[in-house]
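*Asks:* For reference, the structure I am asking about is given below.
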Amino acid sequence: MKKGNVIIKNASQVITCSGFEGKFGKDMNNINVIENASVVVEDGIIKEIGSLEDILKKYNEKHFEIVDASNKAVLPGFVDSHTHFVFGGFRAEEFSWRLNGESYMDIMNKGGGIVNSVRGTREATEDELYESAKKRLDSMIHFGVTTVEGKSGYGLDYETELKQLRVMDRLQKDHSIDICKTFMGAHATPEEYRGRNEEYINFIIEDVLPKVAEEKLAEFCDVFCEEGVFSVEESRKILLKAKELGMKIKLHADEIVQLGGAELAAELGATSADHLLHASDEGIKAMADKKVIATLLPTTAFCLKEPFARARMMIDKGGAVALGTDFNPGSGFTNSIPLMFALATIYMDMSIEEAISAMTINGAAAIGRAETIGSIDKGKKGDLVILEYPSYKFLPYNTGVNIVETVIKDGNIVYKKSY
């Protein structure tokens with residue numbers, strides 16, 4: 001049999017999430033469930049979805065790996081569209097501080113938070129970062145993640161920012177998971193520039209961004225647009241430079257306070273704005289009107305004991321919601337897709353179908369890849385997840401438990417649960 005060739009036969013459900021762009025508003029509930037279906041992946045590309053009888057008239061079983069999905073549901077590979085998975089050091093002590101009532105900004109202002117991770121990441125060698133990040137990707141694939149977005153932003157200097165991006169470059173070549181790289185030098189102001197934000201912004205714009213764009217080290221530029229971090233005007237300046245250099249843009253917006261990050265994302269035509277815990281009604285509407293994906297990160301709100309983002313309002317206003325884990329060493333040290341799914345459906349008033357769209361086709365749209373991943377459509381990459389159970393509704397029902405049995409990436413089995 002040829003590599004990249006697989007037939008998944010007799011699935012109780014194939015949830016296609018069909019489409020080549022993000023799903024907005026009511027369309028998020030349309031996940032297109034096909035009962036008793038099979039899927040053909042040839043040379044890593046999805047070729048057919050239909051009955052096994054019809055498929056075997058066109059394709060010779062001898063040339064394919066056969067996976068029996070009887071009494072199991074098949075979905076598109078999950079897309080985790082917001083993570084910070086390349087970092088050095090840990091921040092377990094800060095979790096205790098938060099439990100004792102200290103806020104995210106309290107911890108950041110006393111030298112914890114992002115700048116704490118910056119110290120650990122600067123000290124780590126490229127090989128050390130590579131090995132630790134590889135283990136994290138191994139864990140993610142067990143949850144059904146076949147594509148992940150990863151950010152720099154724990155360097156905040158020229159050498160370490162590029163080091164983080166080059167680690168992701170190496171992992172893209174060596175690991176099954178596809179990686180969308182985001183430059184986030186504007187994650188915080190480093191200690192050596194404290195009180196000199198303008199100088200640091202000029203350093204990013206004049207020295208780092210041009211190098212990242214020239215070497216194509218990242219597809220996206222992201223900025224932490226937040227009170228006490230980067231203002232709306234500072235964020236606009238950085239993001240406009242990134243656009244000028246040919247990069248796509250996204251924002252950490254309105255996470256801690258209502259600053260106007262959602263409105264800025266709409267103004268600049270960002271691909272996504274993320275977090276949005278305190279986004280204004282006007283910002284939510286502007287994002288929906290301008291087709292900016294709202295990437296929501298429920299595990300972070302949960303860990304920070306903050307109110308959840310208003311997913312229901314965003315969808316009802318005609319917006320598109322994606323879900324990401326925000327896996328990072330501080331505010332959300334978890335890559336658990338089951339936990340994220342449970343929080344989205346139980347606490348954010350998302351339907352099961354909306355949450356599935358948010359983890360698949362809208363996650364793909366949030367990183368500009370909805371034409372090639374995020375749904376089970378002919379011509380897309382053969383990235384598929386097989387659940388242990390016959391229905392997608394078991395995802396929240398078996399609350400917080402990983403029910404992924406098999407993961408297929410580019411038509412190859414890359415994970416199979418051992419019982």
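Placed from the backbone N, Cα and C atoms, the Cβ positions cover glycine too.
Here's the feature list from Swiss-Prot:
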| type | residues | note |
| --- | --- | --- |
| BINDING | HIS82, HIS84, HIS252, ASP326 | Fe(3+) binding site |
| BINDING | HIS82, HIS84, HIS252, ASP326 | Zn(2+) binding site |
| BINDING | ARG91, TYR154, HIS187, GLU255, SER331 | 4-imidazolone-5-propanoate binding site |
| BINDING | TYR154, ASN328, GLY330 | N-formimidoyl-L-glutamate binding site |
*Asks:* Could you check which of the binding-site residues (HIS82, HIS84, HIS252, ASP326) sits closest to HIS187 (4-imidazolone-5-propanoate binding site), going Cα to Cα?
*Replies:* HIS252
*Asks:* Between GLU255 (4-imidazolone-5-propanoate binding site) and ASP326 (Fe(3+) binding site), how many Å separate their Cα atoms?
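*Replies:* Counting only the Cα atoms, the answer is 12 Å.
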*Asks:* Reported as an integer number of Å, what is the Cα distance between HIS252 (Fe(3+) binding site) and GLY330 (N-formimidoyl-L-glutamate binding site)?
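*Replies:* Approximately 15 Å lies between the Cα of HIS252 (Fe(3+) binding site) and that of GLY330 (N-formimidoyl-L-glutamate binding site).
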*Asks:* Taking TYR154, ASN328, GLY330 as the record's N-formimidoyl-L-glutamate-binding set, what's the max Cα pairwise distance in Å, rounded to a whole number?
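*Replies:* So the maximum pairwise Cα distance among the N-formimidoyl-L-glutamate binders is 12 Å.
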*Asks:* Out of HIS82, HIS84, ARG91, HIS252, which of the binding-site residues is least crowded by other Cβ atoms within 10 Å?
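*Replies:* Each of the binding-site residues HIS82, HIS84, ARG91, HIS252 was scored; lowest Cβ tally within 10 Å is ARG91.
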*Asks:* Could you state the whole-number distance in Å separating the C-alpha atoms of HIS84 (Fe(3+) binding site) and TYR154 (4-imidazolone-5-propanoate binding site)?
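*Replies:* For HIS84 (Fe(3+) binding site) versus TYR154 (4-imidazolone-5-propanoate binding site), the Cα atoms are 9 Å apart.
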*Asks:* Other residues near the Fe(3+) site, CB within 8 A of the CB centroid of HIS82, HIS84, HIS252, ASP326?
*Replies:* THR83, LYS151, ASP274, HIS275, LEU297, THR300, GLY324, PHE327, ASN328, GLY332
*Asks:* Where does HIS252 (Fe(3+) binding site) sit in the DSSP three-state scheme?
*Replies:* strand
*Asks:* Check each residue in the chain of TYR154 (4-imidazolone-5-propanoate binding site) that is at least six apart in sequence and keep those whose C-beta is under 8 Å from its C-beta; list them in sequence order.
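*Replies:* When sequence neighbours closer than 6 are ignored, TYR154 (4-imidazolone-5-propanoate binding site) has HIS84, VAL86, PHE87, GLY88, ILE114, SER117, VAL118, GLY120, THR121, THR160, GLN164, HIS187 within Cβ distance under 8 Å.
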*Asks:* Over all shown protein chains, what is the count of other CB atoms within 10 A of the CB belonging to GLY330 (N-formimidoyl-L-glutamate binding site)?
*Replies:* 26
